[in-house]
Each structure stands twice: as C-alpha cells, then as structure tokens.
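Just below is one structure, and these are the notes that go with it.
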Amino acid sequence: MGGRTRSDDERLYNYSSLLACGGKSSQTPKLAGKHRVVIPHLQPFKDEYNRFSGTYVNNRIRTTKYTLLNFVPRNLFEQFHRAANLYFLFLVVLNWVPLVEAFQKEITMLPLVVVLTIIAIKDGLEDYRKYKIDKHINNLVTKVYSRKEKKYVDCCWKDVTVGDFIRLSCNEIIPADIVLLFSTDPDGICHIETSGLDGESNLKQRQVVRGYAEQDPEVDPEKFSSRIECESPNNDLNRFRGFLEHSNKQRVGLSKENLLLRGCTIRNTEAVVGIVVYAGHETKAMLNNPGPRYKRSKLERRANTDVLWCILLLVIMCLTGALAHGIWLSRYESVLFFNIPEPDGHIVSPALAGFYMFWTMIILLQVLIPISLYVSIEIVKLGQIYFIQSDVDFYSEKMDSTVQCRALNIAEDLGQIQYLFSDKTGTLTENKMVFRRCSVAGFDYCHEENARRLESYQEAVSEDEDYTDTLSGSLNNVAKPRAPCCRTVPGGALGSKPSDHLSGSTCAVGSGEGASEVFHSRQAAFSSPIETDVVPDTRLLNKFGQITPHLFTSLDGTIQRPALETFYIMDFFIALAICNTVVVCAPNQPRQKIRLSSLSGTPIRSLEEIKNLFQRLSVRKSSSPSLASGKELPPGVPSTFVSRLSLFSRMKLTSPMEEEVSPMNESSQGCSNSACCMQIEKPHSSAGLTDSKVESLPGSPLASNLCYEAESPDEAALVYAARAYQCTLRSRTPEQVMVDFAALGPLTFQLLHILPFDSVRKRMSVVVRHPLSNEVVVYTKGADSAIMELLSGVSPDGANQEKEQMIIREKTQKHLDDYAKRGLRTLCIAKKVMSDTEYAEWLRNHFLAETSIDNREELLIESAMRLENKLTLLGATGIEDRLQEGVPESIEALHKAGIKIWMLTGDKQETAVNIAYACKLLEPEDRLFILNSQSNDACEVEMSVILKELQKKTPASPGQASLRKCSPQPPLTQDSGQRAALVITGKTLEFALQESLQRQFLELTAWSHTVVCCRATPLQKSEVVKLVRSHLQVMTLAIGDGANDVSMIQVADIGIGVSGQEGMQAVMASDFAISQFRHLSKLLLVHGHWCYTRLSNMILYFFYKNVAYVNLLFWYQFFCGFSGTSMTDYWVLIFFNLLFTSAPPVIYGVLEKDVSADTLMQLPELYQSGQKSEAYLPLTFWITLLDAFYQSLICFFVPYFTYQGSDIDIFTFGNPLNTAALFVILLHLIIESQNLTWIHMLVMIGSILSYFFFALVFGAMCVTCNPPSNPYWIMQEHMLDPVFYLVCILTTCIALLPRFTYRVLQGSLFPSLILRAKHLDRLTPEERAEALKKWRGAGKKNQVTSKYVDQSTGKSGRRPVSGPSAHAMKSATSCAAEQGDLPLCETALDLGFSAPEASDMMDPKI
C-alpha cells in the first residue's frame, strides 16, 4: 500500500515526467464503435460483461519501444530510416560483390557497425529507464472490489480492468479513469490535485453522479444495477460525455465533473468509490502522451541538402574515374599485362570494366559522405543542452526551477529567430491579478488607498519578488506607513470593524505563528498578500455601510425594496463572491473545506452570544434543508429571513472612539501576513472591543482566516475584493453557497446551475435562488464585448428603469475604456431575474443537452446562450496584471537584435496597446495604425489605405519588394524615421486570415515594426503563426504560459512555455520551458547564438575534412590507371575519419565561444548574424569545398614531387600524405577556433598521438594483415628520415597559407561585427566599458541623423492615439468627492500633459 501513502516528495515519478519521456503508446486503443458501454465487473452482469470485455484494454501501461526479443530488429529498422545509414548499408552490400570489391569486406562494415552500435546503446539505455518507470507504476497497489470475496482487496494497477469498482483514500493516486459514485464528503464532493497531469497545484472539485450524493452509506457494488454509456476513449482532458442508465431506464448525464482522471491525486476526502470507464492506454492521461517531440532544425535541413550535393559530387568523381578507366584500358587493350583475361579466358571489354570501376570508386570514395557527422551532431547537441540547463542565470528561486530543454535537436534554431509571437497575460505580466478599480451602477471608484498600498509593496519588495517568503524585515517597515491608509474609513461606514478587518489586510511580523503558516500558504495558488489584501474605497464603503437589515424591513414587518443603487451594490458584490468555482479552505488545515455546520472554534463569551447562537442555529435548521435538497422554499420563508435579519439590528455598533483604539492595539500586537491571511487573535482591551465586534458564524473562521483555492487569478482577485467589503465567501457545496454579507449576516444561496467559462461565450454564469427574494437569479461575469451585447434593450414598459439602465451602460462603457487605457483587465458584471416557469422551461431543454453524447458541447453552449440574455448591467471591474521584472529591457534587446515581436492576447484593444507601451513593445514616437473592421470589404479597404499611407511616407525597401515577388526573405525593418505599429482586433483578424486577404495582411505587417493582435482566440493565435511561418519562410518562436497558448506553441518553429501560475500545459507542449520572460533574452542572444555558430562551423568542418581527405585517393587514381587502388592501408583509411579526426570537431561544437556572454547581452545586434545565416550560407559551403580541394592538391603533390623518381613503394608514398593531411586538418580547426582552451589542446594532441601510436603499432605487428600490401615498419623508417618531417611541415604551411592569410586580412582590414565584438573581450574592463559606450553612441548617432533627415522631408503622420504610454503606467490619480452623478477623477493625462510629460510622472516599475 506504499503507493497510496507516499508523499509527493517521496514519489519516484509523476505523470508530467512520464508524458515528457514516454514514447508512442505501444497498444493501440480498441474503440467499441462510436460509443463505449461499461458493464460492472460483477456476478449479475457476468454474461454481458464477457460480451463487452473483449473491447477493453487492461490497465497495464508500456511506454517503451522495445522488448528483449524485438530490440535488435526494431532498432535497426528505425535507424535505417535515416538516408545516410541506408547509403552506407548499400556500400557494405556492394563491397561483397567480387567484381567491384575495393576493400576487405569486414573493413567496409566497420564504420557502419560502430555508428549503429553507439546509437543502439543510447536508445537501449533510454528505453530501459522508461521500463523501470513503467514497472513501478504497474505494480502500485489499490483497493479493487472482488466479486468472489465480496470485499475490497489489494490489487496491482496492472490488474485493474474496465468495470471494476475502486476505493481510494486521501492522498492516493488515481489508477485509471473512473466515474465517481461515492465520496465520504457529505456534499458528495471529491477534491483532486492535477499537478501530476497538467502541473496545476490548485484543487479542483469533482462531484458524485447525481442521485448518488444523497446516499449516506457507501455505495454497495453488489446492489449496483446500472450501466454506463460514454464516448469512446479520447485525449480531451476537458471533456467527458456520457450517461448512467438505471435499471428503470432512467438516465443521468455524466460530465467531466464526475470523472476522476488517472494520475491525479485525491485530496481533502477520506475515501471515494468509483467505477472504471477507461484503463491503461485508453485513459486520457496516456492518450495525451504524444512521445518525444521531434523537430528538424533549419540547420539540419540545410546540412541534408549539402549532403545531397556531396552525393552529386561523389557521382561526378566516380563517373570521371569510370570513364578514365575505360579510356585507359582501351589504349592498352592489346597489351596483355594491362588487360588480363578472366579464368575462363574471356576478356572484359573496357566499357564493362569502366562500369564495374564506377561501383568500385563508389566504395573507395565513400568517405566523402560523412557517416560520423550525424552521430557527432547528436553528441554536440547533448553537450549544448547540458550547458544551457547548467546556466545559473536561468534559475528562478521563486519558482524553484530552471530552463528545461524538452526538444534536444533544435537548440541551434534559437540563434536564427526572426519573428517572436508572445502571449500577454502570464508571459509578459506576472499573472498576479490585483484589484484596482470598479464601477458600480455607473459610478467609478478609484480605490486610492489600495493604489498606495500597491506602491508600498512595490517599494518594499523591489529586491525580492517572493512576497510569501517575507516574514520580517522589509514588510515590517511597510506596516507603519500603510496602517493609516487602511484606517481612513469614517466611523459611519459599517461602523463595526476598522477597514483593515474589512479588507483582510494584515501586517507581517516575525512571529512563530506566522512562520508556521508559510508551508501552508505556499500551497494556495494566487494568494500572495499583494493579491489578497485589498483596501476598500472610502466612497463605496460609505454607501456599502448604508446596507443594513432596516432597509429590508418596514415598520409593519413587510419587505421593502431598497434604493436602486444600493440594490446594484449588493448584487455586484454578491456576484463577485459567488460567480466562480472557488474552493474555500481553512488556513490551519490547508485544503480542508469549510463546513456550514461547524460549531467549534469561536469561544462564547457572554449569555447574549449564546442566545444569538441558538437563534441562528434555529434559523439555519429551518432554511438549509430545503435549500440542500433542491426543493422550492415555502411561502413563509421571507418572514423567516426577516426574523433572522432583525437579529443583527440589535447588535451594538463600534463608536468612533473605540475604532481609534483598535488600530493602536493592532499596531502594538501585530498580525501574520501569510497567503491565507492568518490573523492573530488580539487580547481583549479595556475599551470593550469584544462586545462591539460584528460576530461571525459560530465555529467559522474570521474573514481573514479563509484560504481560497481558485482555478484562475482573476477569480481569486474578485473574491478577495468582495471580502474586503465584508461580502465574504464562506463555503461552497454542490447545492449551496454561503456568503457572509456585512450587516446582513450569512446568506445561503441555493446553487441551481453553474455555466462555466468557454472561449466561445467568453463568460460564466451561476444560477441561484436568492435567499432574500426567493427568486431565481442569474449572475454573469465576462468580457465587456460579450456582456454588452446581451443587455436588455429599451421597451415601452418600465421606461424609467430602462432609461436608467441605458445611462448606467453608457457611463460604465466610459469607465471600461478608461480602465483599458490604464492597462487594466476589465470584466463586466450583470444579472437576470427569472420566474420559476421560465427557469423550469430552460431546465428541461438543458437536461436534454446534458444527457446527450453527440454534440454535447454545442448543445450546452446553445442552452447557455438561451439563458444569458436580457441581462441587467451591474458594473465592471478593473484588475491590474503587473509586468514581470525585466520585460521592457528584454523586449528592447530583442528589438535591437532584429526580431519582430507580435503580441497575441485575448484582452481588449486599449488594455493590449497600453501594456505594449509599458513593456516597450511600442514606443511613444511610433506611428500607430488601428485596424478595426466589421466586414470583409471594410477590412480590405482599411488595409489598402494604411498601405498607401506607409508607402507614401517611406519608399519600398528590398524587404517589401521581395515580399511582393513571393521571395522567402523576410521584410527588412525600417530604421529611418518613425516606426509603424499595427493593432488589429480579433474580429478584423478573422477577416485578415481569410485566403483572399492574407497576402495584403502580410504585406501590411511587413511594413510594421510591431503587431498587436487583441481579442484573439487560441485558434486565431495558431493561424497567425502558421500564416507568417509558411508564407514568409521565416523562423518563428511562440511563447506562452497557459493552455490557450498550446496550439500557438506547437505550430511555431520553436515553442517556449512559461512555467507560471496557469499550470504546466504550455510547458508540456513546448520545446523549451523558462520561468520568466526575461530569461528569453539570454536564451536567444547568448545560447542561441553560440549553438548556431558552433554547429554551423562544425558541420562545415566535417564536409571540409572529408572532402579534403577523400580527394587524396582521387588524385592518386590519375597515376594508377583509375584502377581503384589506394595508396593507404584500409585500416588507416577507416580510422582516419572514425577515430583520429572525430573528437576535435565535437569538442569545438560543444565549447566554442566566438564572443563572450556579457558582450552578446550588451550588443544584441550581434544576433542578426544568425538570422542571416552568415555562418552557414550556400556560398560558404562551396568556398569550404574549394578550399578542401586546394588543400588536398597540396597534400598530394608536394609529397609526389618530393619523392618523384625514387624507388619508394606505394604505402611509403601514402604515409607522408596521411600524416600531412592530419596536421593540415587539425591546424585548420585551430585557425577557425575563436576560443582555445586546454581541453581543445588536449584533444588535438591526443588525436595526433593516437595516430602515431596506431601507425607505429600497426606497422610493427601487421606483417601480412592485408596482402599483397605490406605496411610493415613504414612509420618507424619515416620517423628517422628528415625528408619526412620537411615534407609534412612544408605541406602544412602551403596548404593552410591562403586560409590563414584571409583570416588575418579579415580581422585587420574588414572585420565583421562579430570580430569587432571579439576584440572587446580582450580589453581591460575600463577600456571595454569605454569601447562599448562609443559603439552604442555611434549607433544612436546614426539613428538620430536618419530621424532628422526623415523629419525634414515630411512632418505629418502622427499616431491617432495620444499619450498611450502614460496610460499603462501607474498614474498619479486623485479621486475627488463625488459631483453629481459622476465622480471627479483627475489624472496627469486628464490635466492635458503630453505623453512624455505624463510618463515622467509615472512609476516606471509597473
């Protein structure tokens, strides 16, 4: 049972690692037709189960590729998918043909066998690691119901089958996909943690199938008489469709809320019981296992093309040899010495002999194709990945993670990126949602005190971003200036608690209690103090304080309707508190749900409190059962609520004097500042604070004692904002939600339905029965573009109310626009009241949608849309998502590197634009063009107008001209004059992506320095990336942090996931993973540049050395009648490339550094050499081959003319050729190296020594190894001959002289940017700093000169948006007293400052 009790830290595996390392599923899922029927694995269903069990797979998993039996054949089969291996296999077979045999058969096989063996060992070790993980998982133990023993017994995971009943305990991992039938939670809830599946650490709720939650005893499998029909196995983690059919043919719909997925962990629940519906490789976790990601890099594709050129060159050389051999034989046809007959007396014709010689030459010159290149590339890439992952600059202490390289074969593509597509939320920003402003009933509330609190946080933690780790020190200092800000609320507002109680804001002290909560606070997502502590707005708090029980009770005891604005304020905060899926937890027992009926925790200190306690319990007993059971409330319920509300009207209120005493006690006593907002109990003072407190529910923690587990930071921010106004979410069950609403006390809402958020509707809704009015109310929150279209229109009836609603709508829209200009994320809050008849009608149709299997999602969306209409607008919220540290600097560096950056976001236009200004994606002097069309034709016209405007201002550059000619080259960035930036909305983007407008859209973006796509859906993001990548033929990179970025990440050449607060979906789909956006600059500018430069030069070097060496054999054919004879022993020939010259280029590929990391970061423009592929151009390849031809000529003819006329034998002639070639090839690498270390020199010397050692030993021992040739004692004699040394030195100098001369002249007369930057690394720190200053100054001077030249030719073309940079910054906002219907909010922009002046007044850290 160890598998069930093992903690997360002790667990030997997790499913995210399994998905990352696993291969393709070895078992193909068998689908039972279109749907799957699940029959319980019980005795009464034995016959029916046996009929269906053949379509199920067992729960054993196998992610390995191989077994002991199939390893050799399958591995060879996979390796021979590579063309180079097939080519060398063909040569091995060819060498076994006697007529064309060039070498000994065994010698020809050696290179291929070595390469195949190395790769097979690597594959075998990797597969064995997977086998051990599979074995461990398959042998984990769980409880399975045995139909023989009639009880739950221990069973290995691998033995679990579909239809089995499984009983799981708390903290146990789920072994298969099961439908939840029972939970020990009285509300039928099971909490699961999906971090092993998608990386999200926040809890998620799953619910027992409807009808089983009411069963108190545990479900008895023997009495289970139902069957399940569901969809066939699929990999959609967010969808499950099916129904459970009882024996009476009654159906109950099943959804993802009823499904527990394999790999998740049970939390918060003592025990659950479920039935298995998918097992083994049919589970959603395993179907989401795509195996290792394999992408072919641009450099590898280029190398494959050049291999084809080498093959063509080989064919030409072999044809030359074959023709020359035939001609040579024809000239000596009559001389029997040269034309020896066959054993049967037949004489081979010169033409046939030439044909045979073609294949012999193929075998002889096979080394021209570098078989060791591919193995060397894999080794080099592993070394590069190791150094990337070892870079300490990528380590994030807050996330406790470093860079992850998930795709091992495309690291060099990091150095060639031309287009970068970035998400905004969580990628450029922290994804820490901070409540900033709100608009309720048409009134804007600026929350100035809250803004000052954020400023104090920003100053206090500027050097430490991890707020939850800080228990003392800097935050202690924050408490002092912040305390007065938290208590500026007048005594009339609520009058019961100081505003720090209302906001839940707490101060940090170094107490042991606070320290003890750190571990728990880390477990709560989206719960740092900067997110949880909200200071209420004074004006809104005053209005909120007017909500008392007396407003709802008149003198005669009947309910009266409150004022419209008061009613809106109530509904607004109720919507914030309940329109979500937040789980409420206690801080002292994290992840334990708060119960409604808890009676322990709060001490009872007076008889009055005991009386109030029993009165409240009686009220709860009379009201809660009807709510929990889902029945209609009785007619007398309103009077019950009145009696409960009247209870609170008898409480004492805090006097202003007592309110002043409380802060003094707080400041002296202090409180904890954990993520759960744990508040320390204060001792009673003589001022009578105990009696003056507004009491909470007996046994319920204080508002600040609650932890909220939210699935998104937006939800958490709104719930914490509602809590700041004493509208506190207390508990949530499947049937009801309880909210502690200020003076009204606890309100229990019957929860009828939750309509979750989806990307189509862009909103979520909850349907509840209101406890005060007993009406069915729909609360909806969502994007303003979605909500505004659903508001009720003007009708003849109720004209006054409709008129007020129109005014509220207009004012709210202005506030929304203002929020967006300030870079805030906006949401609209609305409601709808339904009659019971309307709700019953909708419920019937919705039930049909819930129980359908086919097209369920579409039917549910249609059903939700029928409900979400004719809404009443309550207000809007503005939430700030702060920029990550270092984002503006990183984007500025990437711009200088020549990378065009596009921001693709789902936020509205104003928010996206102003965040773009804040992070320096847009500059104040940029010309901003906004493309916002409502039709296809209008979009085409707008794009044409903008294009003409741009072409008029700037003549067409080669980049734009090449675009019109379908050239694959990317458009060039315009450096002269103002840069153009394009903003396009989601609706317009839909038109622009149509095939008829794609080319015009791309041409427009080619003129734009930056593109911002707002209101973009996940599908549109991927389509944009695919369009740019395929049509412009450029290298693209996509970066994001959430599930909505996965498609974009997978489409790009390189996908990068940010491991932020939105789980690990993006990381699991990515090629590389980082923890912060600022790490991207070093990943690209330094490691990307190094990887590309190293690998490019190494591949070129391999081509060079193979061509240079094999040409020695080719030149010799001119002196041996093109007979295919070699002047070198076969063993030396094979080992020359396989052993003697293989290690130095590998070390070069791993360790080479042309420019230091500091210089590359300080001079981002150096990155452009990789974008232009300067290190590996087609011209560079051919020049390298020409140089190889030249050096081979020197290496052959210098010894040839030296020994001409002598009586040396063939191997004695070949030995100085080999030795000189070795020195030339190794010294060539030294000339090309920019960074020689002791490792380089050690490997060089080792290669030379290994060559001489082999030659000496081989020459001493091999007397008749390869008859009739005899290498005996040749090297020994040469080493005693001075002529040998002279030949080697002279040959080496003459061969390398041209390349050495070119490098010297290049470095002194026309140095490239890389060489100039390399020179900076040799300077002293002072000289280097001065040189860098001059370098940057020269660049700025050129930009300024071109700018003034452009301004002198034409000064028109200002952007249509004024001063947007200031909007995104933190403005010095002051909210004055309310005047008339609208509050007076003065900002720097409102007072008429220009953009630069306003930006000077702002905090640049935001």
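Note that Cβ sites are derived from N, Cα and C of the backbone, with glycine treated the same way.
Computed over the domain 'P-type ATPase N-terminal' (48-108), the whole-number mean pLDDT of the model equals 80. Per TrEMBL, domain 'P-type ATPase N-terminal' is recorded for 48-108.
Residues or ranges marked as transmembrane segment in TrEMBL: 84-103 (among others).
The transmembrane segment annotation in TrEMBL covers 109-125 (among others). Sequence-distant contacts of the transmembrane segment (109-125) (same chain, six or more residues past either end, CB-CB distance under 8 Å): 65-66, 71-72, 75-76, 78-79, 85, 88-89, 92, 371-372, 374-375, 378, 1134, 1137-1138.
Among the features that TrEMBL reports, transmembrane segment is placed at 307-328 (among others).
Non-local neighbours of the transmembrane segment (348-375) in the same chain are 82, 84-85, 87-88, 91, 94-95, 97, 99-103, 108, 111-112, 115, 118-119, 303, 307, 310-311, 313-314, 317-319, 321-323, 325-327, 329-330, 333, 342, 1099, 1102-1103, 1106-1107, 1109-1110, 1113-1114, 1117, 1122-1124, 1126, 1133, 1137-1138, 1142; each lies 6+ residues outside the stretch with a CB under 8 Å from one of its CB atoms. The feature transmembrane segment is assigned by TrEMBL to 348-375 (among others).
Annotation comment: TrEMBL describes Asp423, Thr425, Asp1041, Asp1045 as Mg(2+) binding site. The Cβ of Asp1045 (Mg(2+) binding site) has 31 other Cβ atoms within 10 Å, all protein chains considered.
Counting only same-chain residues at least 6 apart in sequence, those with a Cβ under 8 Å from the Cβ of Asp423 (Mg(2+) binding site) are Met903, Leu904, Thr905, Lys1021, Ile1039, Gly1040, Asp1041, Gly1042, Asn1044, Asp1045, Met1048. The feature ATP binding site is assigned by TrEMBL to Asp423, Lys424, Thr425, Glu715, Phe757, Lys781, Arg825, Thr905, Gly906, Asp907, Arg1015, Lys1021, Asn1044, Asp1045.
As annotated by TrEMBL, active site, 4-aspartylphosphate intermediate applies to Asp423.
Per TrEMBL, domain 'P-type ATPase C-terminal' is recorded for 1067-1312.
The transmembrane segment annotation in TrEMBL covers 1099-1118 (among others).
Note on the transmembrane segment (1130-1151): residues 103-104, 107, 110-111, 114, 367, 370, 372, 376-377, 379-380, 383-384, 387, 1094-1095, 1097-1098, 1101-1102, 1105-1106, 1109, 1113, 1218, 1221-1222, 1225-1226, 1229, 1232-1233, 1235, 1237, 1239-1240, 1243-1244, 1246-1247, 1250-1251, 1254-1255, 1258, 1262, 1265-1266, 1271 of its chain, located 6 or more positions outside it, place their CB under 8 angstroms from a CB of the stretch. Marked as transmembrane segment by TrEMBL: 1130-1151 (among others).
For the transmembrane segment (1179-1201), the list of distant contacts is 306, 309, 313, 1100, 1103-1105, 1107-1109, 1111-1112, 1114-1116, 1119, 1213, 1216-1217, 1220-1221, 1224, 1228, 1287, 1290-1291, 1294-1296, 1298-1299: same-chain residues at least six beyond its ends, Cβ to Cβ under 8 Å. Under the heading transmembrane segment, TrEMBL lists 1179-1201 (among others).
If you look up TrEMBL, you'll see 1213-1231 (among others) marked as transmembrane segment.
Under 8 Å from some Cβ of the transmembrane segment (1238-1263) lie the Cβ atoms of residues 1129, 1131-1132, 1135, 1139-1141, 1143-1144, 1147-1148, 1151, 1215, 1219, 1222-1223, 1226, 1229-1230, 1270-1276, all in the same chain and six or more residues away from its ends. Feature annotation from TrEMBL assigns transmembrane segment to 1238-1263 (among others).
Per TrEMBL, the feature transmembrane segment maps to 1283-1302 (among others). Non-local neighbours of the transmembrane segment (1283-1302) in the same chain are 1187, 1190-1191, 1194-1195, 1198-1199, 1202, 1215-1216, 1219-1220, 1223-1224, 1227-1228, 1231; each lies 6+ residues outside the stretch with a CB under 8 Å from one of its CB atoms.
For 1343-1372, the entry in TrEMBL reads region 'Disordered'.
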List, in sequence order, the same-chain residues at least six positions removed whose CB sits under 8 Å from that of Thr425 (Mg(2+) binding site)?
Asn431, Arg825, Asp881, Thr905, Gly906, Asp907, Asp1041, Gly1042
Please give the maximum pairwise Cα distance, in Å and rounded to a whole number, for the ATP-binding set Asp423, Lys424, Thr425, Glu715, Phe757, Lys781, Arg825, Thr905, Gly906, Asp907, Arg1015, Lys1021, Asn1044, Asp1045.
24
Show which residues of the chain containing Arg1015 (ATP binding site), separated from it by at least 6 in sequence, have their CB under 8 Å from its CB.
Ser785, Gly906, Asp907, Lys908, Gln909, Thr985, Gly986, Lys987, Leu989
For a three-state summary based on DSSP, what are the helix, strand and coil counts in the domain 'P-type ATPase N-terminal' (48-108)?
35 helix, 0 strand, 26 coil
Taking the Cβ of Asn1044 (ATP binding site) as the centre, how many other Cβ atoms fall within a 10 Å radius?
21
Taking only same-chain residues 6+ apart in sequence, whose CB is under 8 Å from that of Phe757 (ATP binding site), what do you get?
Arg763, Met764, Gly782
Across all the protein chains here, work out how many other Cβ atoms are within 10 Å of the Cβ of Asp1041 (Mg(2+) binding site).
32
